[in-house]
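Copied over from TrEMBL, here are the features:
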type     : residues : note
DOMAIN   : 3-69     : domain 'HMA'
DOMAIN   : 887-952  : domain 'HMA'
REGION   : 852-872  : region 'Disordered'
TRANSMEM : 105-126  : transmembrane segment
TRANSMEM : 138-157  : transmembrane segment
TRANSMEM : 177-196  : transmembrane segment
TRANSMEM : 216-233  : transmembrane segment
TRANSMEM : 368-390  : transmembrane segment
TRANSMEM : 402-423  : transmembrane segment
TRANSMEM : 770-792  : transmembrane segment
């Protein structure tokens, strides 16, 4: 059975090393696949499960000149809160390595500076002690330089040990090039000392003087020092690439309060928490591990995990996740998952695995790296021979050969891809975008078509009441809101009489029916009417509420929630009956009520002819219409729909702007699908597709280019797996979705274009790195060999060493620019794309038919005094002009760690009256409040502190 094992690899310094280790390991019997990560000094191996294979791998790698030890996953055993003890260990090792390199660098500079001064002082006219001047002191001059070189060689002996070891094993690397160059310079200098001695001993002062001027000890020291300087900056830069993982690991509390069996509480390290332990979480404290609330209640901020900015109420029985924060309240919880089993540990592990994988584009660098160093050594030898052949002399030939050795940079090739992958996946994780592999990150950048499941992806996934039409007088008056026992106007009186009863009601009425919408669909002005419904509407909702409350159907539950929010009151229900496939029947407060579809109304002899126009309009908008009849007459309609998420339209518009085709895939009928399409703006719709047919649709679309599938990861699993890139949206704490390549923690469709944008930015960065690494070597190696000597352009070994160091630092620094990537902030533009409701009809309007039956499709009505009452009248929303900004105040904010924190601070500031806009920047840990009125500094600070951060006004 195939198993996976991670190895910690030592001795690697460049891409040639990683290529050699990977090739060696792949050749071991029992190994199926091996991937080496130079940046993390690790190797992922898939093998046959035989313990002997692990020993064989270690032996083979050691024979190749490196070290490889199987990593012991101790996180779970130790109860590590992050589940990432190996990551922490690697960070500690990296920190120690950086400190060691820093020590080497200091020692190198301490001895290289006087060595350089002594060797080059005569060229620049610098004062030199007399003991080093004159022919008689030439041996002292040369030997002192040799002594100053020895400490530099000693502290950097790793280059020689590793370099010659790998060279003798037939797998030379960057250290081999440095070792050869430095050794050649040193040996040449030692030979020069003997030449000085021979010249002085034979009275040939000129011969001795010539030898003293070409010692090359300073070149050897400067090569080692500058390479070490580059390694130091590289180590620091590489350390920053893992900041995202480090920040994730730091999210988990370090301690927990445990309640013992005797009721006593004690504070313990979180590593000691075991499943079944009872933990206490007070206001402001972090949740230590995953578990379930067993006592008390609190409001938990889950933004660090799910990205949702609104805190969630948690009561008894609710699941809580480690690293989230209890903002208010108090609760006791039972620990369920600890250590490596927590959600946070899974996130860290997923990011770690993604950064350990290889993108397909990295294969190019691997192929080049495999032959790079031997080719460079060959070029150096050829360079030396050519210069000797043309009679340039040993000094010139050696100078060019050494320059070729030290200017070449296989490191840049090896770091070009993994640094960008690590930073990119880290930035994604910080923004709730979890990329499972480097291959997925690369593939996403070329997506041409995004296929989106409708239910739960584009829409909210649950029906909501979006419109209510109420027949005037059918459910009684204000005094009968709880009983609906009031008289019903006669047909002679008509429904117009009911309208005349109150001018206030006339403003909210239209014809015989009142139109009520949801606050979300209508906007600010209409929301007032929605939340403060009139008495007859409340009476109708109370009837509907009482009847529907007995049903478990999702449509019934949506009506119940809508009615409860508007103050509907439950009434006594008798003779309740649920009609399969049709609706509900019962006697509510003594009145016979019937609720259901048009067919049920017809079977119950309820005349709905006058409502067909309004019902048809609602159906054309993709809404489900529920008819309600009271005492044999139609009392009203309730329209429900699975509404688009607030930012779905904005996300789809952004995908279109990026040049990506969007396709909505749904099992719903064509009419409903096209109604949603009109509101959110997808390019195409494929409706009526069963779950098992979605995979075939993806297969067909793949003929036209790379396809990404966006779904919930459950019903869409086959389609997600079939797509080139499977994107699971709204995973929340369920990140282990096997069929997805990218997991979006939030249920926000704008993360889809953000994920593709991240992929494009990462791939652009990788291509820049590879271009620089390749073009650097292509240009610099010939120049170092002396190709431009005819034009007076030459590079001595010291300049070559400096250039080589700069090359690696430049590649890593360029990758670090990805740390500034931020997802595009898209507004809730869904409503902007929604068509006006029924432009060719008067929604909710009705006039009395000749038969006295209320209708819902009339254009207008007149009230008693002859003034027109607009059909479906809703007060027009006036455009509010933005207020003038009179000042700006800048604040320093501490404690922000991700974009969710940015959103919290922004929301807190913009909730203050007088703050028109808040601009929050994570990189500078600052916030700028744009004010339309004078707001006290302390008010701004208090708002941020209440949100859970530290702040002070700086401007």
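Cβ coordinates are placed from backbone N, Cα and C, and glycine is handled just like the others.
For the transmembrane segment (216-233), the residues of the chain that approach it from at least six positions outside its boundaries are 98, 101-102, 104-105, 108-109, 111-112, 115-116, 119-120, 142, 145-146, 148-149, 152-153, 156, 159, 178, 181-183, 185-186, 188-189, 192, 398, 402, 406, 796-798, 801-802, 804-806, 808-809, judged by C-beta separation under 8 angstroms. Contact check: the transmembrane segment (402-423) against the transmembrane segment (138-157) gives fewer than three Cβ pairs closer than 8 Å, residues 6 or more apart, which falls short of the contact criterion. The predicted model assigns the domain 'HMA' (3-69) a mean pLDDT of 85. Panel annotation: around the transmembrane segment (138-157), residues 103-104, 107-108, 110-112, 114-115, 118-119, 131-132, 182, 186, 189-190, 192-193, 196-197, 200, 208-209, 211-212, 215, 217-218, 220-221, 224-225, 227-228 of the same chain, lying at least six beyond its termini, place a Cβ under 8 Å from a Cβ of the stretch.
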